[in-house]
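Participant: Questions regarding the structure given below will be posed in turn.
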């Protein structure tokens with residue numbers, strides 16, 4: 001069996017497992033398992049976003065927590081004003097997911113456009129560090145801006161609503177997250193297969209040659225970066241609804257690190273890498289966190305082992321080395 | 001209005017989450033900080049709580065403990081697991097206000113009782129108060145108010161006040177100013193987690209202040225005091241207990257001697273329950289208990305007292321039993337305010353050296369029976 | 001606002017900058033010679049502080065503690081290099097970031113398992129207690145000593161790199177790796193020595209700063225981020241850049257925290273001005289870094305042309 005086919009099978013198995021496990025939990029009356037699966041799905045959406053920049057474009061953004069946080073705060077602020085019945089920037093607050101998602105993507109895309117346009121002037125470690133610097137600015141701003149709770153964060157008393165669904169029921173919320181994850185994965189797959197994706201990968205491998213054949217590296221990469229920020233921002237809005245809470249911790253540099261960890265654990269540039277990685281990370285937090293207070297030590301050891309000895313992540317380990325890059 | 005919405009939400013969820021545990025066993029979930037830089041507070045709180053259970057030889061309490069690593073989203077996830085999988089009746093343990101704000105509103109809405117052993121954000125004491133939320137420690141402002149009142153007694157005329165730039169810091173400065181009657185020589189917000197205070201010390205020196213009020217919990221307080229000692233400044237300092245509690249005093253050392261700090265508890269407090277607690281804690285763990293350990297100890301004893309009177313599956317009866325507060329608090333008398341936060345005596349402690357150990361000793365009283373100001377916004 | 005206050009704040013900025021330089025020098029050296037991003041540099045700083053506090057506590061002698069801190073950080077550095085870092089030199093930055101991120105988790109939890117969850121006590125040595133009069137400013141003697149330490153280390157590093165055989169090899173390693181291998185230099189040993197040297201500098205910084213800060217788990221992380229800001233501003237791999245970057249960050253951060261709230265107080269009420277000023281001050285150095293990178297994408301002193 002060749003590796004492409006094995007990867008396809010593995011992807012199908014992952015997609016199925018992420019659906020069947022919570023389905024079983026729903027039937028068995030284990031709502032927490034559904035909540036965990038929802039968290040895996042939402043983290044995976046965030047990482048799919050980062051995977052466009054990092055996996056396809058080779059842009060190692062160490063500041064994607066910024067977009068997660070922006071999306072989160074959009075949802076939190078909208079819900080806050082809807083709950084209190086006060087306007088924000090002249091608009092009423094809302095407790096509907098769809099407009100919140102649209103605004104979250106718009107705002108995080110706008111910020112990603114500015115950050116990307118400035119950061120893409122640099123490369124290598126400078127790119128890593130300038131994206132980190134922008135995320136730190138966002139973090140400190142959120143931390144010391146008193147209007148929406150500062151470090152205490154902003155609780156969401158009523159989850160945002162989705163037409164035809166009761167988002168307070170774990171299973172309904174899971175279905176929404178799962179559908180969005182599949183849509184995000186589809187976008188990723190289409191992008192990768194399209195000329196845009198080919199150009200992006202060509203630029204990653206050799207920017208000079210790409211420029212010589214008439215591809216504008218800057219425009220393509222910036223577009224990918226914006227898309228990447230938008231998807232991660234969407235995940236942020238959904239994360240806020242899941243935890244019913246937003247805080248500056250969503251923008252902390254360790255969160256940016258965690259998003260990268262998810263991608264590495266799953267497999268860089270792999271379609272389902274983020275899903276596998278998110279499942280591993282959440283599993284670790286839940287199962288080891290209950291067993292030992294030193295669980296971070298074990299997480300570190302596993303992570304180190306993956307980086308040193310299993311470079312393709314889980315998917316690479318099972319499906320063999322990637323076809324590209 | 002908010003309370004009403006909570007109640008509706010609670011009713012929908014409570015129907016499904018009927019407790020599966022044995023009727024007479026109380027399941028307690030403790031979410032606290034056991035790793036990272038803030039672990040000392042969580043460890044002390046947990047040890048105090050566990051000690052109370054051991055001393056009572058409690059068989060009817062099932063305790064589940066998990067580390068939140070001081071991360072709000074992890075705390076929320078653990079709370080959901082404890083509620084949905086472990087079917088706990090009571091949650092407790094959170095040290096930090098921002099984590100409490102993340103966990104408490106949705107937990108109490110799901111008909112889980114929350115007993116706060118440390119954090120007391122003003123939002124949960126006022127407009128967002130809830131019948132299922134009990135604060136066993138204090139509202140965040142309370143000890144700072146004590147510091148403000150005592151500053152008057154010490155006849156401070158021109159105090160320089162300083163706190164980190166986050167809500168608990170703003171609460172601290174507001175709490176101090178609410179009672180302090182003198183002038184302010186200056187007012188500064190520092191960064192959260194700041195480690196170098198040279199710039200602030202220079203401004204204090206230049207301000208001509210006659211005294212200093214600080215709220216710098218954990219490592220921030222250690223750093224400030226170390227640098228204060230080397231700065232050549234020699235002004236009296238008044239503060240709340242957090243910056244001078246037993247978990248960090250050994251690390252601050254002699255630099256802290258002579259500082260006044262407001263607290264509802266002190267290791268030298270002279271009542272039988274406290275003497276027994278301090279002795280048992282020292283015997284078990286080999287250190288003097290901190291404020292946080294005393295609060296964990298009280299929280300456990302409050303739960304035990306209620307469990308002896310009511311079945312936890314009957315939440316209303318258990319709440320009434322908690323409200324009776326029929327336990328020997330190590331702080332002395334314990335009474336509830338209308339928002340289910342304590343009304344209590346606030347002492348003034350001085351940092352002293354006893355037998356080679358740096359610790360606190362009571363030197364005065366700031367308030368006899370003090371309630372927080374946010375209760376008036378609470379309609380329960 | 002008196003002249004004395006402004007001068008004192010400038011001095012504070014310089015002192016803060018020189019401490020940052022100690023951290024950044026090791027970081028930039030490792031990047032310059034081996035091309036490695038080491039996020040675990042802050043953990044070595046933490047190890048230096050913990051060992052210094054433990055040994056000073058046991059012996060009552062700060063200087064023994066300082067030596068122990070440096071030695072422990074260097075030994076930990078050498079061990080990490082041999083076991084982990086060595087495998088990362090020809091990997092991309094992504095793998096390096098991840099592996100050293102994993103090391104942070106391991107080292108932080110490891111230190112906590114050994115030393116417990118409570119902060120440790122470490123005091124300023126008797127020799128440097130109190131203050132000293134500098135013209136119109138009363139200044140902490142220990143902070144003045146820190147300035148001295150920072151300058152001495154900068155001088156020592158310069159001498160090491162410019163005048164010694166090791167320095168020649170380091171410079172050769174920075175410009176052409178194949179060449180020094182061809183010259184018969186044991187490149188593996190050289191890398192271990194350079195990494196241990198960088199670790200020792202971090203341990204020295206941790207031990208020195210630990211005496212006036214809180215020695216606790218996680219103390220290395222904020223200063224790690226600052227050190228990265230410093231070396232990115234200065235140009236990664238350049239010791240001179242690290243010095244300039246460190247002083248820039250130290251002075252701008254200190255002056256920002258001092259002046260911004262006052263500036264806002266001119267048109268806002270005090271509490272509000274303090275809040276807004278402090279918020280902006282905390283973002284200031286990141287703003288500086290972004291601005292410098294936008295105009296100088298490889299920092300102020302690019303190391304490799």
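Cβ coordinates are placed from backbone N, Cα and C, and glycine is handled just like the others.
Per TrEMBL, the features are:
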- C:16-37: transmembrane segment (TRANSMEM)
- C:44-60: transmembrane segment (TRANSMEM)
- C:66-85: transmembrane segment (TRANSMEM)
- C:97-121: transmembrane segment (TRANSMEM)
- C:141-161: transmembrane segment (TRANSMEM)
- C:189-212: transmembrane segment (TRANSMEM)
- C:224-252: transmembrane segment (TRANSMEM)
- C:273-295: transmembrane segment (TRANSMEM)
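Give me the structural setting of these features: burial, nearby parts and distances.
Facilitator: If one looks beyond the transmembrane segment (C:97-121) by at least 6 residues along the same chain, the residues whose Cβ comes under 8 Å of a Cβ in the stretch are 37-40, 42-43, 46-47, 50, 53-54, 57, 76, 80, 84-85, 88, 91, 214-218, 220-221.
Sequence-distant contacts of the transmembrane segment (C:141-161), counting only residues of its own chain at least 6 positions beyond either end whose CB sits under 8 Å from a CB of the stretch, comprise 11-12, 14-15, 17-19, 21-22, 25, 124, 128-132, 134, 167, 170-171, 201, 204, 208-209, 211-212, 239, 243.
For the transmembrane segment (C:189-212), same-chain residues at least 6 beyond its ends with a Cβ under 8 Å from one of its own Cβ atoms are 19, 22-23, 25-27, 29-30, 33-34, 38, 41-42, 44-53, 62, 65-66, 69-78, 80-82, 85-86, 89, 122-125, 142-143, 146, 149, 153, 166, 169-170, 173, 180, 219-220, 223.
Tertiary neighbourhood of the transmembrane segment (C:224-252): same-chain residues 10, 13-21, 23-25, 27-29, 31-32, 39, 41-42, 45, 154, 157-158, 161, 174, 284-286, 288-289, 292-293, 298-304, selected by CB-CB distance under 8 Å and a gap of 6+ residues from either end.
Residues 226, 229, 232-233, 248-249, 252-253, 256-257, 260-266 of the same chain sit 6 or more residues outside the transmembrane segment (C:273-295) yet have a Cβ under 8 Å from a Cβ within it.
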